[in-house]
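Comments concern the structure below.
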Amino acid sequence: MSSTKAEKSDDGKVSGRFMLKLSGEAFSGGGGLGVDPDVVHAIAREIAAVVRDGAQIAIVIGGGNFFRGAELQVRGMDRARSDYMGMLGTVMNCLALQDFLEKEGVDCRVQTAITMGQVAEPYIPLRAVRHLEKGRVVIFGAGMGMPYFSTDTTAAQRALEIDAEALLMGKNGVDGVYDSDPKTNPDAVKFDALGYGEVITRDLKVADATAVTLCRDNSLPIVVFELLKEGNIARAVKGEKIGTLVGDQGSRD
């Protein structure tokens, strides 16, 4: 799993299987609470376009537009219970994206780590792979189904289990990995590429250390890019040089 580039056939179609990790905060549009249908529809259109081009797309969505377990813990809530609230929030995002993907004519299945049979399938890895092989999008909801695990870690684990080529992390309002927060430091420097070890030792805010370590131990490349810039999902899938690549070598060569 060393390349992030989808293969392209003579007819211009792309192939390859990718895990797309979407920021839950982006679903609210302006960083507030809830779901902005216009934003979700725009994301769905971009995903539908790459699926029609032949890519196999699995998705994990955060729940930051509803709840963040770690933040609720700081405010006095039990961490495990607040994490479960966050997991349920991700399912609402999954259903919203599923609806708009199907409006775009793309078959879509939601699989959840917490069983909720009336709205989604249970998480069954082999079934997820069969869906992908049939051209369906699979959205994984409810995180890992256990507290203390982030949706970034979920995305890394699911990507490995379905044998994805790369983990594509669509961020809200930031176009890659920087040496400091570009929202507060105008002199922040963006990285073109990084090694896994450097991300961990410098505590760069790509994903939590568990997720990055999983990717490092299994040589799963990560591409961090701005989610809401038009065309970026397709660029990431096609292997164009956008955002920041995190991999074994720390370069794009």
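For all residues, glycine too, the Cβ spot is worked out from N, Cα and C.
What you see is a predicted model, and the numbers here were worked out from it, not measured in a lab.
Of the given residue ranges 29-34, 179-184, Swiss-Prot assigns the label region 'Involved in allosteric activation by GTP' to 29-34. Going through Asp78, Asp83, Asp163, Asp175 against Swiss-Prot, the one listed in the UMP site together with Gly63, Met144, Gly145, Met146, Pro147, Tyr148, Phe149, Ser150, Thr151 turns out to be Asp83.
A separation of roughly 21 Å, to the nearest angstrom, links the Cα atoms of Asp181 (ATP binding site) and Ser150 (UMP binding site).
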